[in-house]
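Colleague: Provided herewith is a single structure, encoded as structure tokens, for subsequent inquiry.
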Amino acid sequence: MNRPRTLAAIVLTWLPAAVTAATWASWSDRLPGRMATHWSGTGPADGFSSSSGFGAAMLITGVVAGVAGIVAAGRAGQRFWLGLAGAVAGSTAGIWVCTATATLDNPADPRLGWRLLYFVAGLAWGAVVALAAGPSPAGVQPPPETVAPLDLAPTERAAWSTTLRAPALLASMAVAAIVVVVVAAVGQAPIWPVVVVPLAAALVFGRVRVTADRRGLRLTAGLLNLPFKTIPLAEITGVEATEIEPLEWGGWGYRVTPGRAALVLRRGPGLVVHQSNGRRFAVTLDDPRTPGALLSALLARSA
Amino acid sequence: MLFRVDVAAAEPLADQIAAQVRGGILRGDLAPGERLPAARELADVLDVNLHTVLRAYAKLRDEELIELRRGRGAVIRADADAARLRLVELARQFVGEARRQGLADAEMLAIVREAQP
């Protein structure tokens, strides 16, 4: 890891929160109790919040983004998340500065106008952080475990399948659905359709069938019998059995990040498939070596 | 669960598939309640006849290892007993070897009785 550049990136990720804290401290005695916090277009403000509450929310978001930046900076292959943390930190400070200066400039009728540029600049701060961090440190990840191909005789045919169950995911989706139903029932009727999201996620990911065979790798929603991820054998360039660190793949669940996708149900062993288009796909499995060895053998046979 | 069959082997393909499932239960790869691949899908990926897979599944149902239900597919029975299955496997090997040596049933039973301590 390039330590000076990584440290610089961390400092830059925290800078927006520092700006928010410093400006809030120096403006607090001049800000009214309630300040304009929402505009529609270029007209007058149409939303107001408590100044201290809004300032605290922006500061806390900046600090959380800063912490996320530290976590991302310490790991290999996390430049995207470091940049995202920088963009979140920068844009929240931008929101704070543009709303607060609009109120300070004309407390009677605050207008946003050109101050929106503070917010745009804050978003762009993510790119500054990513550039400062430089390329993702290479060689930090342990070398992938190469899977020896299965000793498949020319007259042999083989297929592998398993079923993944995700009780934790099912439980959290059930909780999410209940929350949506309760919120909708107590008066927020427009959010009723949102209940579809956790129900669909539970249907698709509650039970997943993973198959590796002459068709390639395939993930099927077990409850619907619907293939939702298929990688044809012809598009597989290599397979590895490795340890899946959820944060490196974007978290738990079905994750899509630049250049790769993954179904991560837990931390631990998993299968990583390299695709001919340069993308990688990972899925957590108790025994990734067997499907890995089979796919290697089938690849060698088709080559 | 890995299925592998050898089209050049003397053993019929249906028997090979059934043996794979038995092995899976013995090793604990296939737990009670686990679903086997749909017969049509397994036939497709192994490039064997659908009736070959159906014959294998029917055999396993007759051995009381799996349940076959319309629409639900083939599921490992809750009472599929890995310990008893191990004995059945050993007995199968014993009978196979005894047949090869040309032993009659009575002679086989005599050997089993003699094996008791």
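Note: Cβ is positioned from N, Cα and C throughout, glycine not excepted.
All TrEMBL annotations are machine predictions without curation.
Below, the features straight out of TrEMBL:
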type	residues	note
SIGNAL	A:1-21	signal peptide
TRANSMEM	A:54-73	transmembrane segment
TRANSMEM	A:80-104	transmembrane segment
TRANSMEM	A:116-134	transmembrane segment
TRANSMEM	A:166-185	transmembrane segment
TRANSMEM	A:191-210	transmembrane segment
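Map these features onto the structure and tell me what's around them.
Modeller: When Cβ-Cβ distances below 8 Å are used as the criterion, the signal peptide (A:1-21) is approached by residues 55, 58-59, 62-63, 65-66, 69-70, 73-74, 82, 85-86, 89-90, 92-94, 96-97, 122, 125, 128-130, 132-134, 137, 140 of the same chain, each at least six residues removed from its ends.
Outside the transmembrane segment (A:54-73) by six or more residues, the chain places 6, 9-10, 13-14, 16-17, 20-21, 24, 28, 35, 37, 79, 81-82, 85-86, 88-89, 92-93, 95-96, 99-100, 129, 133, 247 with a CB less than 8 A from a CB of the stretch.
Packing against the transmembrane segment (A:116-134) from elsewhere in the chain are residues 2, 5-6, 8-9, 12-13, 16, 69, 73, 79-80, 82-95, 97-98, 101: each is 6 or more residues past its ends and has a CB under 8 Å from a CB in it.
Outside the transmembrane segment (A:166-185) by six or more residues, the chain places 191-192, 194-195, 197-199, 201-202, 205-208, 252-253, 265 with a CB less than 8 A from a CB of the stretch.
Only residues 6 or more beyond the boundaries of the transmembrane segment (A:191-210), in the same chain, are considered here, and those with a CB under 8 A from a CB of the stretch are 161-166, 169-170, 173-174, 176-177, 180-181, 183-184, 217-224, 226, 228, 253-254, 263, 283, 285, 291.
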